[in-house]
C-alpha cells in the first residue's frame, strides 16, 4: 500500500526513454570512455565519434574538449553496476585504468616527440609554449583523476590504502601542473628568476587559499548539514511508513470493532507486541534460542485465544530438539490454561545450568489429571508424553485458585 | 467504639503523575470504583516540575509515578523522586513511590527503582491489583511484578545458580530470596508465596523488601551495564 511518505522515484532517477544518460562506459573504453559514452548517448557509431575527435585534436580544440568531457562525465560503473563492487573493481576497474594509462602515456610521448621533431625540423610550432601547456594538461589530468576515483570509492566503500594513493595523485598532479605554469611564465629566463616566480606563485596561491578558506569551510559545513538533514528526513519517513502500515491500520480496525471488546484487546495486544519488537529488536540471530521459541509460542497462543499471557523468561540457551519439545508442550499448556482456566494466565520459564523449569499458571477451576478421559490427547500426549520422551518431566497441580502445569528439562549435555 | 489502631488510619492519599491525561482519568475512575473511600486522590501532575510542586504541597502517602515524564533533567520519574527527597507525610512517614510504566525496558525500570521507588507495575495491571499494590506500598512494603522478579533473578545471577552465603551480601540473592522471587515470577500473590514456602506473609514482605534494598544499593555491574545493553521484555 503506498503511503504519503513513500519515496517515489524522481524523474531524474529514471532513464529517459530512448536516450541513455551520458556516462563513460567501463567496458570498451580506449582512454577515458568519453567517445564510447557520447556514441551511446547520441546513438551514433563509435567510429564517427572517434574520427571527429581525431580531426578536432589535429585542429586544436580536440584534446581540451576531451579532457573536459572526461572530467565532468561520471563513469558508468558508479551508476549502473553498483551491485558487485568487489568483482567490478578487481576485474574491470583496475585493468581498464592501467590500459588507459598506457594509451595516454603513449599518446603523450608521440605528441612530445612530434612537437620536438617539428621544432628541430625548423617548423615553428612554438615548442616553448606547447610543451609547458602539455605539462599543465598532464598535471591537471592526474589531479582530476582523483575526483573520478573519489567518486568511485564513495560508492564502493572507502578503502584506506586507496586514500593515500588519491592524495599522492592529487599532490603529484598539482606539482606537475605548477611546474608547467612556471615554465610557461618564465620562458627562457634564468634560474634565479625561476625562484622569484616560484615564490610569487606560492604567495599568490597562499593568498587565494586564505581568502577562500572561510568560504570553503562554510560550504563544506553546509553540505554536511544538508546531508544530515536528508538522513534524518529519511529516517522519519521510514518510521512514519512503519507506523502507518502497522499502528494506524490497527487503530482503524479497533475503531471499527469497538463493539467487540475481545477482538479489540486482541488487536491492541498484537499491535503492542509488534511495535515492541520493532522498537527493541533483539540481537541478530536471536530467533534460534529457547527463550525466543517459548516467547513465540506464547504470542501464538495469545493470538489464538485473545487472552493475555504474562510470560517471564530468565536465562537462555540454544534451541535444540529437547528445547523445541518443551516449547511445544508449553504452548499446549498455555492453550489449556486459556481454554479451561480464567485469566490472568502467567508463564515463567527459567533456563539455568541445572536445567529448564517452566510453569504455566491460571486462575480457573482447574482440572485433575485423573479426571481427564483417556481419549483426551491434549494433556496426556502433547504435554506429559512429550516431556517424558525428551528426558524431562511434567506435573499438573491443582491449586486453591487455579491450576499450575510444571515442565522440566535436564541441562544440555556438555553443560555443567 | 473499640477498633484496632490500624484501621483508624484514614484513606491512603495518593498523587497521580502521568503525562497522559486520559490515563490519569482512567486510573482515577478505576480506583474510585475499586477502592471507594479507602483511596483518595489528592493531586495530579503531568510533568516533573508540577509533580514536585504538588507532592511538596499535598504530602501524600503514595505517588503513582510514570517512568517517562517530560521536564526535569530528562530522567523522568527518577527526577521526581530526587526532587522530593526528604518530603514526609503528616504522620511522619516518607512519601513512597510506585512506578508505573508501559515500557519493560530494564534501564527505565531500574532507574526509578534505584532512585528510590518502592515497586514497579505495568500499566496493564487490573484495578484490583493496583489497589492492593498502592496499599502495600503505603505500608512501606515493596511491590514486584512478575517481570521485575524475572529481571532480578537474571541480574543477580540467581537464575544461573549464584547464591549469597550471607543474607547481608548486596550483590547476590539469598536462597530464600531467590525462592520468593521465583514464585513471584510465576505469578504467585504474596499470600500464595507464603503458603507455598510455609512462611508468614510478613516474612514474604520482608524478603521482598530486602531484595528491593539490594536492587537499590547493589553495585553489581549487571545492574548498571547489563540493564543498559539488554531490554527487559
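All positions are counted from 1 along the displayed chain.
Just so you know, glycine gets a Cβ as well, placed from its N, Cα and C.
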Feature transmembrane segment in TrEMBL, mapped to one of the ranges A:198-217, A:218-237, A:238-257: A:198-217
Range among A:5-27, A:28-50, A:51-73 that TrEMBL annotates as transmembrane segment: A:51-73
Of A:1-20, A:81-100, the range TrEMBL labels region 'Disordered': A:1-20
Paired segments the transmembrane segment (A:127-145) and the transmembrane segment (A:51-73) in contact, 3+ CB pairs under 8 A: yes
Outside the transmembrane segment (A:51-73), six or more residues from its ends: residues with CB under 8 Å to it: 22-24, 31-35, 37-38, 137, 140-141, 144, 147-148
DSSP-assigned states of the domain 'Phage shock protein PspC N-terminal' (A:21-75) in counts, ordered helix, strand, coil: 34 helix, 2 strand, 19 coil
Counts of helix, strand and coil residues, the region 'Disordered' (A:389-416), according to DSSP: 1 helix, 15 strand, 12 coil
Non-local residues, at least 6 beyond the ends, that sit with Cβ under 8 Å of the transmembrane segment (A:198-217): 178, 181-182
